[in-house]
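Reviewing the structure listed below.
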Amino acid sequence: MSDLGTRLREARERQGLSLTQAALDTRILQQSLVALEEGAFQRLPGDVVIRGFIRNYAQYLDLHPDEMIEIYRRERGVTDPIRIVPVTNPAVARAYVLPSFFGVFFVTIALIGMSYITLNAVGRVGDRVTPVALAAPSATIPPPTALPTTIPTITPTPRPIRAPVVAPVVPGDPLEELETPAAAGAEATTSPDPAGGVDLEFAPTPTLVAPITIELVVPNVRGSENSWVSVRVDGNVPIEFFIFAGESRTFQAQRRILVRAGNPSDVLVSVNGIQQGPLGPNPGQPVNWSWPPN
């Protein structure tokens, strides 16, 4: 039987509290409290979460948190450090290195030879095709003779428009001075648009997508409780920690962020400065939250 679990259970029973009431007050799941009192630490998420549960539960039962955590460390024990075993037979590694080197060498030579043969074959085919391609334009030389026939038909069209305006004017008449600017203005207004009447539109410059920035906050208001949180950024190793009332933590990612919280109703989340509300609706019930949403 765990000494830590016995002390926690006896302290709870002395105060006449049930597991259900303790779970509601501490916002810790009832099965997690049962695992603490039975010393079944393997049923709890991890070492950081377990120490957070012990600290909260000890404060709730008026016990010394540091003393309870020290008892937990003695009972849980310390894992043996990882030992690095040196390679005992380095000659085997050399035996594999030499064949791999020669294999790469011969494969490279084979690829170079195949590339040379292929390029020579393509060059021979190109030499046979180019005379045909050069001879083909000789058949298309006569068609340009038809171009002069279309040019005279276009030039006479604007000239008859100006003739009726100039013909009745007598030299020296004062109206000649008035008609000349008007005709010039008409020509100016009927001149074609250099752009051909086509509206030029420029495509907007694409903007780069900013990285994902989330902020986790537990408001410092009456009734807010702390929560353990696990954050995984872009598929890396999860970061586990406790966030208390009045605290906030910020994380950035390029592709995706996954968040798991034990008390989601008191943890508010914002994405790129836009408030998204609490991580979950139910207090004390762990949830998984991700951005972008699934």
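Backbone N, Cα and C atoms are what each Cβ position is placed from, and that goes for glycine too.
Just so you know, TrEMBL annotations are computer predictions that nobody has curated.
The domain 'Cytoskeleton protein RodZ-like C-terminal' feature in TrEMBL is assigned to 221-285. Here TrEMBL flags 96-119 as transmembrane segment.
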(request) Grab the pLDDT values for the domain 'Cytoskeleton protein RodZ-like C-terminal' (221-285) and give me their mean, rounded. (result) 90
(message) Using DSSP, what is the helix/strand/coil residue split across the domain 'Cytoskeleton protein RodZ-like C-terminal' (221-285)?
(response) 3 helix, 32 strand, 30 coil
